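Below: one structure, written as structure tokens.
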Amino acid sequence: MRAGDTIMALSSGALPAGVAVIRLSGPLVRTALTFVAGSLPKPRHLALRAIGASRQLDQGLVAFFPAPHSFTGEDCAELQVHGSPAGVKAILAELRTQGLRLAEAGEFTRRAFENGKLDLVEIEGLGDLLGADTEKQRQQALARYDGRLTAEIDIWRDTLLDLRAEIEARLDFSDEGDVSEDLPEHWQVQLADLELAIASAMASVESGRIVREGIRVALAGAPNVGKSSLINALAKSDIAIVSDEAGTTRDVREVPLDIGGQLFLLLDLAGLRATESRAEAEGIRRAEQAIASADVVLWLRAPDVPDVPRPTTNGRLLVVGTKADLGPVDGQDLSVSTQASQGLDTLVKTLGTLGESLAGAEPALVSHERDRAALANALDALAETRNALGDWELAAESLRLASAALERLIGRLDAERVLDRLFASFCIGK
Ligand code: GDP
Ligand code: ZN
């Protein structure tokens, strides 16, 4: 990135469109906006302007956001013009004559990071928000973008500084006898409270993951119990292959479903049975893996198909009797018939309730693997501090490590690698 130059982008998506939003950021924004819109509008107010310097190209609304109170922290502007491919092209060409260049993916957000407007955790929240498909994902992403985790981390970092100050004082003055060797009584309490706070934030990582990635629901059982038919009926479309021939579903197929604002991934697995076929055996091996790691297993049994041994799972288990039009099966928690359209609403409702309990009522504070790893490092370092009391060098060093883990999480340390990967998934103009 060439810092300090002025960037522009069509931020509103593909043309033609009702409205196109052109975004600018950098030191040349004032002169460039004056050039194409006649004069600078009052800061943070929309003004209707003829757009075009030598000839009128369009008319539209322009807004100017002077530094530092802008998204990037630099001078920024937005032009809302008609979403015409030719019009936008002509406006960008005029802006280019003023020394502006097209932005790279995520470059506006990168500038916001570099100017301290957003930290790494908040940028990840923004990325999640842009990619949110379900209501739960939107809530969780917005909470992160809004700085809920950042605010917690700030408190923890302050506490770490307090704790360190006491230790560092003992390092500096222990020879001179100015500081009593014993730590003040509240120090231990503060350390314990901090460990507790971080540990309880980490407890939400599972629900956070489930909201971001979806609840994995394995539909499993013997061949021909009706897995594909049930997935099709649930998705109300022909996504999975339905066939009379046993053993068609060899790959693990994922069907995404939004139930009550929560993402579910229904896994249509190979039917389990003894087989001579190498390909089918591979499908069965994958099915067993998927069952083991699923959040929920729907174990399907049909009246016209002998049951098979059920593999173990860490997920919640529901026994679903299929083909209820043919009769019940032993031990069913629920029964459905895709042919007679029975029991599907109850099954969806049951999944929805399960989803609410797995995802939690409140947006999770911690939802990325990166969060979990950083907080685990911080906790390890704090445990080391506890063991090192008396050895002030070591205690100070482990407290520094705990701080570094939190700094890394918000991007104060080693942010480049994470940012590069993150912005690869951002769109131009964000
Ligand atoms: P899978 O191998 O477990 O995926 O099973 P399929 O969904 O391919 O279904 C196997 C057979 O059972 C097909 O012939 C379906 O038509 C039939 N089938 C599926 N659902 C029902 C049902 O609700 N009632 C009846 N009577 N037959 C069903
Ligand atoms: Zn199938």
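Positions of Cβ are set from backbone N, Cα and C atoms, glycine also.
Secondary structure of the domain 'GTP-binding protein TrmE N-terminal' (6-117), assigned with DSSP and counted as helix (H, G, I), strand (E, B) and coil, comes to 30 helix, 37 strand, 45 coil. Sequence annotations record features per position, and here TrEMBL assigns domain 'GTP-binding protein TrmE N-terminal' to 6-117.
Taken from TrEMBL, the feature (6S)-5-formyl-5,6,7,8-tetrahydrofolate binding site applies to Arg23, Glu78, Lys117, Lys430. On its own chain, Lys430 ((6S)-5-formyl-5,6,7,8-tetrahydrofolate binding site) has Ser11, Ala105, Gly106, Phe108, Thr109, Leu126, Leu130 as residues at least 6 apart in sequence with a Cβ closer than 8 Å to its own Cβ.
Across the domain 'MnmE helical' (120-427), mean pLDDT in this model comes to 89. The domain 'MnmE helical' annotation in TrEMBL covers 120-427.
Here TrEMBL flags 216-301 as domain 'G'.
Taken from TrEMBL, the feature GTP binding site covers Asn224, Val225, Gly226, Lys227, Ser228, Ser229, Ser243, Asp244, Glu245, Ala246, Gly247, Thr248, Thr249. Look at Gly226 (GTP binding site): DSSP puts it in coil.
Taken from TrEMBL, the feature Mg(2+) binding site applies to Ser228, Thr249.
Summarised by DSSP class, the composition of the domain 'G' (216-301) is 25 helix, 26 strand, 35 coil. Rounded to a whole number, the distance between the Cα atoms of Arg23 ((6S)-5-formyl-5,6,7,8-tetrahydrofolate binding site) and Ser228 (GTP binding site) is 47 Å. In this structure the C-alpha atoms belonging to Gly226 (GTP binding site) and Arg23 ((6S)-5-formyl-5,6,7,8-tetrahydrofolate binding site) are separated by 52 Å. Lys117 ((6S)-5-formyl-5,6,7,8-tetrahydrofolate binding site): 18 other CB atoms within 10 A of its CB, across all protein chains.
Selection of the binding-site residues Arg23, Glu78, Lys430 by a Cβ distance under 6 Å from ligand 2 yields an empty set.
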